[in-house]
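Novice: If you scroll down you'll find the structure; I have some questions about it.
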Amino acid sequence: MNLKILEDINSPEDLRKLPAEKLQEISAALRKFIIDIVATKEGHLGASLGVVELTIALHYVFNTPQDLLVWDVGHQAYGHKILTGRRENFHTNRRLNGISGFPKREESEYDTFGVGHSSTAISAALGMAIASNLKGEFKKHHIAVVGDASIASGMAFEGLNHAGVTKANLLVVLNDNAIGIDPSVGALKQYLTKARVGFKPKQSNIIEALNFKYFGPVDGHDIAGLLEVFEQMKQIEGPKFLHVITIKGKGLKKAEEDQVKYHAPGKFKPDTGELLPYDTAGLPLKYQDVFGLTLVELAKNNEKIIGITPAMPTGSSLKFMMQAFPERAFDVGIAEQHAVTLSAGMATQGFKVFCAIYSTFLQRAYDQVIHDVAIQKLPVVFCLDRAGLVGEDGATHHGVFDIAYLRCIPNIIIAAPSDETELRNLLYTAQLDLKLPMAIRYPRGRGVKIDWETPFEEIEIGKARCLKEGDEIAVLSIGNMAQNAAEAIKNIKTEKIGHFDMRFVKPLDEELLHIIFKKHKAFITIEDGTVTGGFGSAILEFAAKHDYKAKIKNLGLPDEFIEQGNINELQEIAKISVEYIEEEIVSLLQNL
Ligand SMILES: Cc1ncc(C[n+]2csc(CCOP(=O)(O)OP(=O)(O)O)c2C)c(N)n1
Ligand SMILES: CC(=O)[C@@H](O)[C@H](O)COP(=O)(O)O
Ligand SMILES: [Mg+2]
């Protein structure tokens, strides 16, 4: 395999100078480059392998960056990045101070729109197309590449519905590989499956749907066919829709065979695709698995329990409940708004719904939380996985706003377990006769306890707990920050520091806070979330309301977006690392 052919392609302009006959060879080289680098540097693999030919054909036929190309989600854009001047630094993908794992405007003129959350590409590309018309740039093309799971999301339909009544020079390319991270779901999936079965490449029939001129399905791995159909598209005005059939993981047999695992497989052998296993024996379980396994345990004894996930059965580990109780666990596709209001509807009928949504993706359903759940006091349980810094996915995926964006909503309980046993007991508590909505936030990755499966204990709503007595400085941590705080305190040889796991952001344990504020001279609050309106703000509000004049230091994320990197690097940048907490405590001690 001659990877050297890529060395002469530092932009799509270089690509377009080559004869079309070279593109097949370039596809093979690009595919191998992606496999080789992701095998060691990790990242999203399957989606990028599935669009190698599509990427090359798009940049070959359309005059990027003048023609505007928008990738939906953007996890499939590794080939795009490599062909647009980032081959040489692609090894820094998803690393601190490296390139982002998703298209990002400030990174390249070819990254026309920042993505990461799904289903935004049609709206963004349509916006660009209407803007081009307003500027008189009628010859400019605007292309949105959307996956079959992403196009099933409400926002994608909103974009299609609007585009259909415009004269926008918009091409929507549906990259249909019949899978999201997990198998795609829903009626649209069934409809698309029919179109896939026995489709004959090259047979592109033009029909109208939603005022779009619809073409396809065509073979997304046939470069010559793609060049032909894109050239055809360029001649047609107005909104166009091309249905492309691809295989996620194309070109790496194991990735084609296990498309769920190879969405983001970790390290693997590039030549065989064989995963490089790492020994998890003796490691604590992932929080998501504690959630998933505990929910099954609770559902066995409570037939009112239902589980909901918007397209993340594997990521959230709701898959365990889907396997154990398929009639009571639902993957609704990439549809967070629907997931929340569906849960609310079920709750009106007496069911206890555990709606498992990554913290960052719940942002997509904010009004549904307020309007459909909280106002009606419906006891939905929001299981907010990936709460806090998540690492390599970066700013679009950190779950760092949920405390702030939920805390201002009346009727909602917000809890954050400090370890897996606490998560387990909060889940148990939530399915008792709770009459209000409750959010339970927990981080990405592994917990800290091996022996988390202790007998269930009900936790009193709003009740905090003292982890360490000490009368001068009170460290108030929420959730997983208890671990960082405890380690920092352990390093400081003094008995003057008290540590309290506050457990609940709302309602606060005001009885305990009054005791603490009457006894301690200084306070540090610590949260894996934004300080702006977060847990620390709640403590400041409490102190102000009761006229406590204490020194209070709030540790948490600053009012800026934190980019990608590993968790330790990012906690240092966000000043919630063990070392930084220790420094802050020592500084307070010295100034008592
Ligand atoms: C709003 C939102 N919800 C969930 C996700 C998580 N997610 C990332 S990729 C993906 C599946 C996308 O499937 P598809 O659109 O078919 O693209 P493919 O991976 O098949 O190329 C999901 C659910 C997300 N990025 N954004
Ligand atoms: C691209 C995307 O949005 C998902 O693949 C996300 O990266 C999953 O995150 P986890 O790896 O934390 O499940
Ligand atoms: Mg797909």
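Residue positions begin at 1 at the first shown residue.
A Cβ is built for glycine as well, from the same backbone N, Cα and C atoms used for every other residue.
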Novice: Per TrEMBL, which of Glu303, Glu327, Glu336 sits in the thiamine diphosphate site along with His75, Gly116, His117, Ser118, Ala149, Ser150, Asn177?
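Specialist: TrEMBL lists His75, Gly116, His117, Ser118, Ala149, Ser150, Asn177 binding thiamine diphosphate, and from Glu303, Glu327, Glu336 it also lists Glu336.
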Novice: With an 8 Å cut-off on Cβ-Cβ distance and a minimum sequence separation of at least 6, pull the same-chain contacts of Ser150 (thiamine diphosphate binding site), or say none.
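Specialist: Sequence-distant Cβ neighbours: Asp72, Val73, Ser118, Ser119, Ala121, Ala156, Gly180, Ile334.
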Novice: Among the binding-site residues Gly116, His117, Ser118, Ser150, Glu336, name every one whose Cβ is found under 6 angstroms from ligand 3, counting any of its atoms.
Specialist: none
Novice: Any idea what the model's mean pLDDT is for the domain 'Transketolase-like pyrimidine-binding' (285-450)?
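Specialist: Averaging the confidence scores along the domain 'Transketolase-like pyrimidine-binding' (285-450) gives 98.
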Novice: Compile a sequence-ordered list of residues in the same chain as Ala149 (thiamine diphosphate binding site), six or more apart from it, whose Cβ lies below 8 A from its Cβ; state 'none' when nothing qualifies.
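Specialist: Ser118, Ile179, Gly180, Ile181, Ser184, Ala311, Gly333, Ile334 - these are the non-local Cβ neighbours of Ala149 (thiamine diphosphate binding site), listed in sequence order.
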Novice: When you measure from the Cβ of Asn177 (thiamine diphosphate binding site), which residues in the chain that are at least 6 apart have a Cβ under 8 Å away?
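Specialist: Within the chain, Asn177 (thiamine diphosphate binding site) has Cβ neighbours under 8 Å at Gly50, Gly147, Asp148, Ile245, Thr246, Ile247, Lys248, Gln259.
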Novice: Cβ under 6 Å from ligand 2: which of the binding-site residues His75, Ser118, Asn177, Glu336 qualify?
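Specialist: So the answer is His75.
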